[in-house]
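Heads up, the thing below is written out as structure tokens.
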Amino acid sequence: MEKTEIVRKYVEKLINSPINLTAYKDFDEAMAFLYLDSVLPVKSEDLGEFFLDIGTGGGVPGVFLSVEFDKKGLLVDSICKKVHFIQQTCKELGIKKVETLCARAEELKGKGDFFEKFDSAVSRAVSKIATVLELTAPYVKVGGKLLLYKGPGYNEELGQSVNAMKELGVKLSEVRRYSIRGKDRFLLVFEKISHTPDKYPRRIGIPEKRPIR
């Protein structure tokens with residue numbers, strides 16, 4: 001099956017699933033705001049051999065990144081029926097390089113050798129920047145990238161994340177602005193510049209309730 005056909009079929013299954021996986025029910029809108037929004041800003045990035053997608057939901061952006069760039073990815077979500085959807089749909093469509101795990105990001109420390117294992121991490125519409133950095137940075141190798149998809153209101157969050165960046169060993173290297181159907185979107189590219197203390201991420205719920213300040 002051609003890559004384009006795989007993507008189109010995956011989008012069709014996303015919007016038609018009885019599980020509430022996306023607010024987009026129109027195929028063309030879903031192709032724009034789910035698929036294109038996932039891959040367009042990342043075309044100039046090297047995800048490395050193995051990337052992590054935290055809070056993947058129905059597999060966005062992880063499935064599309066894996067298919068588009070032929071990369072291996074671990075897609076993590078705490079809602080098991082969403083993870084099951086990804087597993088079944090990838091099997092049906094012959095998507096080979098997607099692995100899945102039903103877990104909270106905070107739980108990865110206890111579920112395998114994931115600390116500083118990944119070449120990159122991605123996250124889309126999960127939480128505020130400081131929280132997402134705590135949930136991703138511990139699992140990315142030094143020299144790796146953290147890619148956060150954000151809307152126009154990211155500036156205030158970024159200002160509140162300065163101490164989190166220092167504590168977690170990451171720095172902001174680029175803010176990439178792009179447009180999907182006339183709507184401004186931003187990809188925040190962080191670089192992992194030093195080892196993250198192994199006390200991170202903190203236990204379940206704490207990164208959200210008490211972000212590093």
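Yeah, the Cβs are placed from backbone N, Cα and C, and that goes for glycine too.
GLU106 (S-adenosyl-L-methionine binding site) falls within a helical segment according to DSSP. According to Swiss-Prot, the feature S-adenosyl-L-methionine binding site maps to GLY55, ALA105, GLU106, ARG124.
For the binding site of S-adenosyl-L-methionine, formed by GLY55, ALA105, GLU106, ARG124 according to the record, the largest Cα to Cα distance is 17 Å, rounded to a whole number.
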